[in-house]
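**Student:** Take a look at the following structure, please.
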Amino acid sequence: MSVPAEVVEKARKLREEIEFHNVRYYRLDDPLITDAEYDRLMAELLAIEARYPELVTPDSPTQRVGAPPVEAFTEVRHEVPMLSLENAFSEEDLTAFDRRVRKELSRDTLEYVAEPKLDGLAVNLLYQDGVLVQAATRGDGEVGEDVTHNVRAVRAIPLRLKGEDFPDRFEARGEVFMPKRGFLALNERARRSGEKTFVNPRNAAAGSLRQLDARVTASRPLSFYAYGIGAFPDARLPATQHELLESLQRWGLPVSPEYRVVRGAAGCLEYYRSLGERRHDLPYDIDGVVYKVDDLKAQAELGFVSRAPRWAIAHKFPAEEARTRVVGIDVQVGRTGVLTPVARLEPVFVGGVTVTNATLHNADEIRRKDVRPGDTVIVRRAGDVIPEIVRVVPELRKPGAEPFRMPEVCPECGSAVEAEPGEVLARCSGGLYCPAQHKESIKHFASRRAMDIEGLGDKLVDQLVGRKLIATVADLYRLDLDRLAGLDRMGEKSAANLLAALERSKRTTLARFLYALGIRDVGEVTAKVLSEHFGSLEALMEATEEELLAVADVGPVVSRHIRLFFAQPHNREVISQLLACGVSWEKPAPAPRKLPLQGLVFVLTGTLASMSRDEARARLEALGAKCTGSVSRNTSFVVAGSEPGSKLDKASELGVPVLDEKGFLDLLERGRP
Ligand code: IVH
């Protein structure tokens, strides 16, 4: 049975359309149609191909969903060996490379293509008459594995090229990689379903591409950039590397938008520095820069030594991961009593600095990573991020290494350690009795964004508390030259400076003062909101739970912490001493604009005919109201659509007013209750 011409035409059109949307979605990050519409196009094409299997072509987008599993990969001998790159680890290495190349070519100056060194795996793509017919991994450079089915599942790689001016048969080479965002999402999914996670995007990319079941590859967020060629007809070669990249791009192969043509070693180094600064903002991992002599004739002249071309070099960024040993695990006690385990490390140079500590966050994290004292670990320090332990190297664990256990009493004061239900954090219950919490709370009080007492650093606080010169933050304002004189590294001048700074800090704002008190869960933003809402310290100190809950941002937990704090006679005493010492502020300006429903709490139940629940919530919130999920005494109104649930019963039980849909719409219209 021959295939009707209109079906052939329909299949062709569908393929074209789907590929167009693939590019919008996977390459440009700018889809024009919804996922459902895309799926519909795909389903239509699949149906045609199921009916007329002879219409299935290797470049059909249906081939991307992944072929059924194979037993093993077959080997592919590369027509042109896939080389590796020499490395430069310093600016000197790079200038030496440039000097060598210029000498060899007898040139004064050379242009290079500079581009990111992607952290993925190299593939060779064979295109015949514009159709992808074979894809292979690098393998040992001579022989790789046939991963055609898998590569077809990578949406960024075109199954059919665009335009007409490509050679009948040629190979493009480039890197398959996994963007950071996709990597994090993939690992998050794996964690949730209890599967093994990947160590880094590179491993994830390699593991995803080398799958016997290409359907698995299809489900992984892989991407691709082309950076060169393999077999390619000489007669069709342009004069330069950058023109080659332009051609590949014109034919529909994605090329890194970061590549540049630069001049001389100075141009290379400038590119290296500027890319290094943006490294962490790129959506994918890179581990350096690759420079390639731009002139292709010069490339041919230079040739290669053993396995690496003499016309290219990889300039590596400092490693961000390194191996070291955990000497011990300390437990630090923070201002609010939270116990944080910290790994003490054998010093190691990583990410450009020497690292001796890495936070382990909490007991859950240690359990998950199973870090034990004595373990060999991989430490990571990326950019300005605090160093952390990525994983343990289990093969190097010494026999008898004991799992870490969170202490049951505070290592600083011996008070019991509590883990609140539903919280992963362990806390010392000692409060200000605990010297660690005590010192940390004074440091916090003095910090820049709180009372801003210049010159009152950590070391000084440790001394002041250690020598019992201060017991509370109010005592800071009773310090004098006599008492400061005996401290280490405290000359007369710095003592006078400190006293002046203390004096200056007395003039503050209510928001800063509230933040400085260190009430649990009252950060800078909440402190500001509270100060604007209540206008005075007295009003806040006497606020009832209802009044606190009416503040945007304040939920039951925060409200409880605020009330607990002000209920403590000790805290009230310190506050009155601070005020007596002269700490003061001007009355805060009220919140810029009070929204009409501010302070009101709504609960939505049942179905509204005129809008979705999300929309109703958004409209209420736009007017300043809060929406919560359950009815309580704090609920101002329940809005009941058709078929309301038990929330309506609860409302009548508690005497909460109920609005029907009309009443609700009227309220939105009026903008006030
Ligand atoms: S060119 C003849 N360019 O690095 C030159 N390689 O260390 C061969 N790589 O196997 C490769 N980004 O997997 C080149 N922009 C780039 C690259 C790059 C990453 C990888 C590639 C190669 C390895 C060599």
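A Cβ is built for glycine as well, from the same backbone N, Cα and C atoms used for every other residue.
TrEMBL lists Asp35, Ala36, Glu37, Tyr38, Asp39, Ser84, Leu85, Glu115, Arg138, Glu175, Lys292, Lys316 with the feature NAD(+) binding site. Taken from TrEMBL, the feature active site, N6-AMP-lysine intermediate covers Lys117. Per TrEMBL, the feature Zn(2+) binding site maps to Cys410, Cys413, Cys434. Per TrEMBL, domain 'BRCT' is recorded for 592-673.
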**Student:** Taking ligand 1 as the reference and 6 angstroms as the Cβ limit (strictly under), which recorded positions among Asp35, Glu37, Asp39, Leu85, Lys117, Cys413 are close?
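**Tutor:** Checking each Cβ against ligand 1, the ones under 6 Å are Leu85, Lys117.
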**Student:** Helix, strand or coil at Lys117 (active site, N6-AMP-lysine intermediate), per DSSP?
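**Tutor:** It is in a strand.
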**Student:** Just to be sure I understand, if DSSP states are collapsed into helix, strand and coil, how many residues of the domain 'BRCT' (592-673) fall in each?
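**Tutor:** Looking at the domain 'BRCT' (592-673) with DSSP, the answer is 29 helix, 16 strand, 37 coil.
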**Student:** Rounded to a whole angstrom, what is the C-alpha distance between Cys410 (Zn(2+) binding site) and Lys292 (NAD(+) binding site)?
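**Tutor:** So the alpha carbons of Cys410 (Zn(2+) binding site) and Lys292 (NAD(+) binding site) sit roughly 58 Å from each other.
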**Student:** Could you tally the C-beta atoms, other than its own, that fall within 10 angstroms of the C-beta of Cys410 (Zn(2+) binding site)?
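**Tutor:** If we count other Cβ atoms within 10 Å of Cys410 (Zn(2+) binding site), we arrive at 25.
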**Student:** So which other residues, same chain and not among Cys410, Cys413, Cys434, have a Cβ within 8 Å of the centroid of the Cβ atoms at the Zn(2+) site?
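**Tutor:** Checked against the 8 Å cutoff, the neighbours are Val333, Gly337, Val409, Pro411, Glu412, Gly414, Ser415, Cys428, Gly430, Tyr433, Pro435, Ala436, Gln437.
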**Student:** Using C-alpha positions only, work out which of the binding-site residues Asp35, Glu37, Lys292 is nearest to Cys434 (Zn(2+) binding site).
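**Tutor:** With Cα distances computed to Cys434 (Zn(2+) binding site), the winner among Asp35, Glu37, Lys292 is Asp35.
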**Student:** At the level of the C-alpha atoms, what whole-angstrom distance separates Arg138 (NAD(+) binding site) and Cys413 (Zn(2+) binding site)?
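**Tutor:** So the alpha carbons of Arg138 (NAD(+) binding site) and Cys413 (Zn(2+) binding site) sit roughly 59 Å from each other.
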**Student:** When the Cα-Cα distance from Lys117 (active site, N6-AMP-lysine intermediate) is computed for each of the binding-site residues Asp35, Glu37, Asp39, Lys292, which gives the smallest value?
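**Tutor:** Out of the listed candidates, the nearest Cα belongs to Lys292.
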**Student:** Taking the Cβ of Lys292 (NAD(+) binding site) as reference, which residues of that chain separated by at least 6 in sequence fall under 8 Å from it?
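**Tutor:** The answer is Tyr112, Val113, Glu115, Gly228, Gln241, Gln299, Trp311, Ala312.
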**Student:** Please report the three-state DSSP label of Lys292 (NAD(+) binding site).
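**Tutor:** Strand, per DSSP.
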